[in-house]
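A.B. asks: Sharing the features that Swiss-Prot gives for it:
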TOPO_DOM  1-17  topological domain 'Extracellular'
CARBOHYD  Asn3  N-linked glycosylation site
TRANSMEM  18-38  transmembrane segment
TOPO_DOM  39-53  topological domain 'Cytoplasmic'
TRANSMEM  54-74  transmembrane segment
TOPO_DOM  75-89  topological domain 'Extracellular'
TRANSMEM  90-110  transmembrane segment
TOPO_DOM  111-128  topological domain 'Cytoplasmic'
TRANSMEM  129-149  transmembrane segment
TOPO_DOM  150-176  topological domain 'Extracellular'
TRANSMEM  177-197  transmembrane segment
TOPO_DOM  198-234  topological domain 'Cytoplasmic'
TRANSMEM  235-255  transmembrane segment
TOPO_DOM  256-268  topological domain 'Extracellular'
TRANSMEM  269-289  transmembrane segment
TOPO_DOM  290-358  topological domain 'Cytoplasmic'
REGION    334-358  region 'Disordered'
Amino acid sequence: MANGSGLSVTELAGSVGFILAVLVEVGAVLGNGTLLVVVLRTPDLQDAFYLAHLCVVDLLAAASIMPLGLLAAPPGLGTVPLDPSSCRAARFLSAALLPACTLGVAALGLARYRLIVHPLRPGARPAPALVLTAVWSAAALLGALSLLGPPPAPPPAPARCSVLAGGLGPFRPLWAMLAFALPALLLLAAYGSIFLVARRAALRPPRGTRPRSDSLDSRLSFLPPLRPRLLGGKAALAPALAVGQFAACWLPYGCACLAPAARAAAAEATVTWVAYSAFAAHPFLYGLLQRPVRLALGRLTRRALPRAPKACTSQAWHLQTLLRRLQELRKDPVLGPSEAPEQARELARQTPSVSEAT
């Protein structure tokens, strides 16, 4: 009985995990696809190049390593076994796309730091193509480390096709430091500097003071507020969310890379899908929370929705309008001498009826 109950609990946990993983997959595809369309249709966004790159990386991950995590046999969530060549391909994709995502997030944070802190120094900002070329070069090198790891086990044994379960061999600590520790430090430095600049601007006193009247409202405005206002609170929201999301999604995966392979393999499915949830969180964190992106999305949505036909409003003809029209007809040279009096008489007959209606 206990064995059956334990089996049912395990099956229930597996089913719930599979449903949550499917929701993460669907959210990553829909969110990044929508944000990519908005960015491509609105090229005047300041960080459009980095946003589009992040969406492309997330969509690549949602089309490659996330379905493998859903369908592949344990340590994945499915039951489809992978042959050695597919196992090596899965290792390479995981080892390359995860650093491309984390380094892309760090590049986006640094770009926003330069736009906010140094807005009038465009020469201090490197070209986005150069930055993203460096990101993909580093991701390709980190992906190549997976090819230097131990070969996959033969088919009778369970194939370990991930970075956590021995896929990198002795290179796992180096991969974790470059894929997670370095982007985390860059992101923390960028958003920390943004927060300090915003807080310093909030603490700065106003340049000029306006003359106040001697009214009661003016005197009451000198009173301190009942609740102390936290200076820089709104400016701290975006950095806190960005750093918090990065730490919540990627810190468990990075710590598992530094743990022994046996302990990392035990928590591989949970830690992997917590990291994959970042692909679904990026469109909301770096898209919908940004006011220019929200405005562009609303504008495109209004254009896409069908517009209701405008109702035809009946125009009421008043007496002054009829008289003005009568004068225009008298002055119109196109009308002949016989046509103008006839139309004048017809308009004159309509005038009493309109005046009675008014």
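Glycine residues also receive a Cβ, built from the backbone N, Cα and C atoms like all the rest.
These numbers come from a predicted model, not from an experiment.
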A.B. asks: Using a cut-off of under 8 Å between C-beta atoms, tell me which stretch among 54-74, 129-149, 177-197, 235-255, 269-289 contacts the transmembrane segment (90-110) the most.
C.D. replies: 129-149
A.B. asks: Against which stretches of its own chain does the transmembrane segment (129-149) lie, if we need a Cβ under 8 Å and a gap of at least six residues from its ends?
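C.D. replies: Cβ under 8 Å, 6 or more out: 49-50, 53, 88, 91-97, 99-100, 103-104, 107, 111, 163, 166-169, 171, 174-175, 178-179.
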A.B. asks: Taking helix as H, G and I and strand as E and B in DSSP, count the residues of the topological domain 'Extracellular' (75-89) in helix, strand and coil.
C.D. replies: 6 helix, 1 strand, 8 coil
A.B. asks: Which of 54-74, 177-197, 235-255 has the most Cβ pairs closer than 8 Å to the transmembrane segment (269-289)?
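C.D. replies: The stretch with the most contacts is 235-255.
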